[in-house]
Each structure stands twice: as structure tokens, then as C-alpha cells.
Amino acid sequence: MGHIRSIRLALAVAAVCTAASAAAGDAKFPPLGPLPPVPVPADNPMTADKVALGKQLFWDNRLSGDGSTPCVSCHLPALGWGDGGAISRGYPGTKHWRNSQTIVNSAYYNKLFWAGSVTSLEAQAPSAAEGGVAGNGDRSLMEMRLRFIPEYVAAFKNVFGADWPRMTQAYAAIAAYQRTVVSDATRVPFDRWQAGDKAAMSAEAQRGYALFSGKAGCIACHNGPLASDQRFYNLGLPEHPDLAEDPLLQITHRWEQYQKGTTEDGYRHADRDKGYYYQTKNPKDIGKFRTPSLREVKYTGPYMHNGTLATLDEVVAFYNAGGGTAPGKTDKLKPLGLTEQESKDLVAFVEALSMTEPLIHDDPKLPGDYQPLATQ
């Protein structure tokens, strides 16, 4: 009996030490925790009708160039609101070089896209729908398509008081809808555990939380309710092999160099994705990308800005090795010295930041039978 009591005491002490270690790590940075209410801009208040309209538009192929790339084509609910590939499919005739990010919880970011090129969902929507390697839609043409559909004319009149649909209003509606694509804290093991349900998170995940906030140091960049500091770092990640090997990707990537205002030399030697540099034009920012949220990552692989890491096990192994070897890597990354069990524990905790089941929205019924000629 004395031996059993000793074991129980040791386990209790270990649990206390684990919690204390995690709390100490959290104290240095904004703590992890449930997401606050979704921020809503004063000039785009949310209503049920606006959200419903935005959902239809998010799914509607008519808001793209040739009718083949609606928003949902790269952000499928069943694929974690990404497209499931290492790099985004891109518009027909082009090939992208970055991973299609999940839009879950995108309402909480202060900068969107991997390189932080826009600061609101209202600005993000046209960048995607009209971007040459994404939707490639012409604004005036898409606007006229909406005006051919009586149901949309009536819906825009109801929501915005407009006689005719305008794309600025369409993008506002899409942004309102995206603000509903968020995690539910009651279905997230870590959030439930923090709220007092100590059975919500496994012992493995609890050990992983201590590592996350302590030895592994993940909390230094993945902090706050979003599990992201929303800053930009160069992780030394290798380029996706297709960047050097795929002619169509090279053509598209070099065209983008001109679009982003790089130098002639930068165009001629476009052998890497320069990331945040495209926004700042500061050479120190070459290869930097925004810290992604860790919420819902259980469902959003492949990972990193170019999808080169297929699983969370690979992600942890990458950081355990001290990151990659590409030029300009942040000095924040050092080898972690995690054991095999510690790596498993860390993955278990990161998965506990996702809901127990993926967030799924059913396809909406789209109005009208008019389609662009290219799709007929």
C-alpha cells in the first residue's frame, strides 16, 4: 500500500509540475485561450441575410474569370477550408507556388495572405477573386453576371438597399460570411480543458502543453487566443521543388515579380519566394512569412507556406532539428532536443487546439441558371 501511495504522490507532483511549467511559459507571452467574439468592422455590420448572401457568393463560380474558380474551389470545408494540396491549384493556365491557407478563424488576423498583403477580409476578397493566379475575375464582368440573376438583384436590394448588385457589396457580404467560419470553443479539447473540464485533454496532450510552453518554446510565436503572434519569420524552409522544375509555375512566378514591383534582376533570378519582402522591399524580410494560427491544424495539412511538410509529425521534426537551412533563417530557431515521446506529446497537444470534428458548412443553393459561356 505504501508503494501505491508513493506512485500516486509522484503522479500528482508530476501533474502539478506540468501545469506550473506551462503556466510559467505562458506568463512571458499572451496566453493561449478561447477566441474572443469575432471583431466586426463598423462599416460592415453582420446580419443573417448578409451572411446568407455572402455564403452563396463564396460558392458561386460566376465570381471568377472563366467560371471555374469560386472561392470555395480553393477553400473546401471537407479539406479543412483549404484545397488539400501542397500548393494552391491556381487559375487555369497558371500555377501557384504557395499553400492554400485555411480560412477558418481568418476573421481574427490583422494581416491576411502568407505575406500579409491586405489588412481586412473586405480587402482580401477582391484580391482573391480578381487576382491573376486565383480567381482572375474582371470586376465589371462579374458585376454584370450578378445583375443577370433576378434572385441576386433582389438579395442585394434587401441587404444593401442597392438597385443593382455592386462588387464592393459582394465582397462585403463574403467577408461577413467568412466571419462565421470560426472555431467553436465548446468543441475544442484545449479550450474545454482550460474551462475546467480536466477530462477534455489527454495526459499526452497535457504533457505536450508543458513542452509547448516550455522546452519546445512554441509559445514564443504561437501565442494568444489565435495561437499566432501574427508576425513574420524566415524559418529556413526549402522551396517547393516545383518552383525550380515546373515551367508553368516559373512563368507565373516571374510574372508576379513584375506585378509586385521587384527589380529586373529579381525577375531574371526568381529562384525563391521572397514572402514579406514583396510588401516592405526590405532585403531583411526575404523569405519571411506570417505565423499561421495553430487552431484547426489537425484538418489543414499540408503545412507551411509552400506545403512542403505533409504531417504535423513532420512539422515537429522540422522544428526539433532547428528549422531549415535556407538563407536568412531567424535566430529564434535552435535544435530542441525533443525525445520521440516528447514529439508525440507535442503533436497531441497541437491537435487538441482543433475541434473534435472538422467544421463543415453545407453547400448553399445558388440562384439562377445563367452561366458564363466558358462553362457551357
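Any Cβ shown, glycine's included, is placed from N, Cα and C.
According to Swiss-Prot, the signal peptide annotation covers 1-24, on the basis of sequence analysis. Here Swiss-Prot flags CYS71, CYS74, HIS75 as heme c 1 binding site. Summarising the annotation, Swiss-Prot assigns domain 'Cytochrome c 2' to 203-354. Positions annotated as heme c 2 binding site by Swiss-Prot: CYS218, CYS221, HIS222.
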- [ ] Could you measure between HIS222 (heme c 2 binding site) and CYS71 (heme c 1 binding site) for me? Cα positions, answer in whole angstrom.
- [x] 27
Task: Residue pair CYS218 (heme c 2 binding site), HIS75 (heme c 1 binding site) - Cα distance, angstrom, rounded - done: 27
Open item on the list: I need the neighbours of the heme c 2 site defined by CYS218, CYS221, HIS222. Which other residues of that chain put their C-beta within 8 angstroms of the C-beta centroid, in sequence order?
Closed with: PHE212, GLY217, ILE219, ALA220, ASN223, ALA227, SER228, ASP229, THR291, LEU294
- [ ] Across all the protein chains here, work out how many other Cβ atoms are within 10 Å of the Cβ of CYS71 (heme c 1 binding site).
- [x] 23
TODO: Mind checking which of CYS74, CYS218, CYS221 has the fewest other CB atoms within 10 A of its CB? They're the binding-site residues.
DONE: CYS221
- [ ] Give the three-state DSSP assignment (helix, strand or coil) for CYS74 (heme c 1 binding site).
- [x] helix
Open item on the list: Quick check for the class: what is the C-alpha distance, in angstrom and rounded, between CYS71 (heme c 1 binding site) and CYS221 (heme c 2 binding site)?
Closed with: 29
Open item on the list: I'm checking region-level scores; what's the whole-number mean pLDDT for the domain 'Cytochrome c 2' (203-354)?
Closed with: 95
Open item on the list: An 8 Å radius from the center of the CYS71, CYS74, HIS75 Cβ atoms defines the neighbourhood of the heme c 1 site; name the other residues of that chain inside it, in order.
Closed with: PHE58, PRO70, VAL72, SER73, LEU76, TRP81, ASP83, SER100, ILE103, ALA128
